[in-house]
């Protein structure tokens, strides 16, 4: 063996002999294993195992000098507080000897007390610090325990993953070993010289070995030697690596085959198939350090599988930490909440899942679905729970900024006054306006009364303009008078000199005071023989109207519309009052005003009479009037002439609206159609909701309806109202509602303007309603349908006729009432007991008559003790129909026998009378 080693050394081959050329160092342990060959042969070979260096991170390696010793304390630095040997003892001795028999002075005592107090304060401070330190220690210990628990949990998970990986590696290694055993044994070829080996290293390692060498020394097993499962770790004190190089080729990069012993045969190689499988199927095992890698010269420090696992675990934990941080950094949003919102829409606005919103609602005790609608308060609580900001909005926000900004004084210009003429019916309001306008409107009015609100503009000889609103005086037109007073600047109160103050005059005074409008009293009909203007002034005092003649500040003018007397004085009074008010408006802005009246014209469609109060209305403007909108296609004045623009205080008729707006609604010009459509849709939706709520409230609960039907009290009169203008339809609806009775309900199914159509007839037929047509007619198709279906269409032109007919209808629905009629009294003089009949009272009729079958009340001491009917009425033994006063008779009561002498019988009968 030694000769072989020397020979190998001389040839420049590897050797395991511990000579000066090859050193294993302190990181390699040597051992021997027995290799088994074919035909029962075996041989002992030497094996070197490279040990893994087990350095802990952060631990410095020991110095090469060997053992390390702690630095000795310096002798020159003495501890603080240690008395010096020498003078200290001497001084102490002197102090002790000098102060043994002397008392402390006051200064020394104060110093000592101060020192003791400082010591107590210091002790208290240290105690507080100790307690705080204990609290911190407890919290730190809890945090450390939690951290250790988490680390233990992670370590357990890593250990489980490691075991699974090791089991997979073991199964793969076992499969590779079985594949290597099943392969035929391979023989190594002879080792070529170094120069030739450098050229043919790669091809020869893959070629099949020759089988012509019969010597046992050169035969090697086909499988490598077993590797110990646990490789001992080298001590960290000697950082050395195993480098196996040829004697003369230390710088050569090519790896040389290993020599097992003294023979010159090359080291055995593994079969090609297992090597390829290992390189392809398990690439992660390429960095593992084994015996073969150490022998072949793979001396670089590569990363182990455990290190790679730790790196992957660190990366996974880092990614998990970043994900958790991303979840914690939530985006706070401004969530806009309307009055009602669906659950799904709320989730979308918060950018969360709808399921999370539903869970939160369930925690709040509310079961909801994705499509269910919740109110704004509940939605606000949910948004706050998710950590977002809430911004509440209302559907009415679409009207914000609709009226524009306030005008500045420099933009204001004088405007004509708006004068409303009010008063009682038939006091001459329209005639007075006709006299001022030089027209004859009153002659064409039905019934001689005004039933529409009219708007006119008069130009005086002085070129000044006055705008007049003529309001109806009938009691049914309260809403019209209220609208006129709300948009007016001056109220002209017309009172007939021969009639005085009447109910509608009082109502007009209240409307004017509510609108805070000044009043000018026009005492009309002063040309009539019975005129008494003084009485009118006296009656006005009862309503706090004090004219100037009586020391007040209210102007009064005695006029005659028929004779056109003092009309100029009335105009002067109006102009004077307007000058006092100093009326101004800004014409250079979007138009605003009020709808005075509206109607549905057959040829022109919806027509609205509006009064411009601010700005200038031009043809082509987009306006919103109440719940309707449209573009102004045409404008007409009170004389029917076309206009291009309307300045403030100008009444005009506008065409082009989508529908008939309600009278009294404001109108405003907007910038575009989308804004107008949005506002109109919002207002129409509000009207529908209000109507639905009113219907539901009027209907009541199902139990209430059933109880009314069973009691026979569910009676109603249904009406469908069609009028020429919106104000008349409104007045008729109000008049109809006033005719209600406690037993009969009057219900207005429809109140609109325009002709009667087939749909109106069908509605009246379905609900058994009366169709009221006020100043309108039915179409031919509607008339024929009404005749076939038997629908009653009633035409009217005067409003009080409508009120009379509806009152008659309601009275016809009321059931007749029972009225009690007194007959007489009878006094019981004697009581008889008769078999099979019971007690019979012998009576004397003291007042009136007693009739058979009448109702009776039995009075005892003026207290009613029984109410019933007479069963028998006899005189002596004969049955009679009635007994007159001062005659005796016998009475018996149906089902009652508790009668005594001295009781009084009151007799009466009931009769039906119409309600």
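Cβ from N, Cα, C; glycine included.
The feature region 'Disordered' is assigned by Swiss-Prot to 1-105 (among others).
Annotated compositional bias 'Low complexity' per Swiss-Prot: 57-81 (among others), in sequence order.
As annotated by Swiss-Prot, compositional bias 'Gly residues' applies to 84-101.
Annotation source Swiss-Prot lists compositional bias 'Basic and acidic residues' at 121-135 (among others).
Among the features that Swiss-Prot reports, region 'Disordered' is placed at 121-295 (among others).
The annotation compositional bias 'Basic and acidic residues' is assigned in Swiss-Prot to 143-180 (among others).
The feature compositional bias 'Pro residues' is assigned by Swiss-Prot to 186-195.
The compositional bias 'Low complexity' annotation in Swiss-Prot covers 201-213 (among others).
According to Swiss-Prot, the compositional bias 'Low complexity' annotation covers 230-239 (among others).
What Swiss-Prot lists as compositional bias 'Basic and acidic residues' is 243-256 (among others).
Positions annotated as compositional bias 'Low complexity' by Swiss-Prot: 266-278 (among others).
Under the heading compositional bias 'Basic and acidic residues', Swiss-Prot lists 279-295 (among others).
Residues or ranges marked as domain 'tr-type G' in Swiss-Prot: 414-584.
According to Swiss-Prot, the feature GTP binding site maps to 423-430, 470-474, 524-527. The Cβ of residue 526 (GTP binding site) lies under 8 Å from the Cβ of 497, 533, 558, 559, 560, 565, each on the same chain and at least six residues away in sequence.
Model confidence over the region 'G1' (423-430) is summarised by a mean pLDDT of 78. Taken from Swiss-Prot, the feature region 'G1' applies to 423-430, supported by similarity to another entry.
Among the features that Swiss-Prot reports, region 'G2' is placed at 448-452, with the record citing similarity to another entry.
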Sequence-remote partners of the compositional bias 'Basic and acidic residues' (121-135) [C-beta within less than 8 Å, at least six residues beyond its ends] = none
Per DSSP, to which secondary structure element type does residue 429 (GTP binding site) belong, with helix, strand and coil as the options?
-> helix
Within the compositional bias 'Basic and acidic residues' (143-180), residues counted as helix, strand or coil by DSSP | 38 helix, 0 strand, 0 coil
If you draw a 10 Å sphere around the Cβ of residue 426 (GTP binding site), how many other Cβ atoms fall inside it, taking every protein chain shown into account?
-> 18
Just counting, how many other CB atoms are there within 10 A of the CB of residue 471 (GTP binding site)?
-> 30
For the region 'G4' (524-527), give the DSSP counts of helix residues, strand residues and coil residues.
-> 0 helix, 1 strand, 3 coil
DSSP puts the residues of the compositional bias 'Basic and acidic residues' (121-135) at 15 helix, 0 strand, 0 coil
Within 10 Å of the Cβ of residue 429 (GTP binding site), how many other Cβ atoms are there?
-> 29
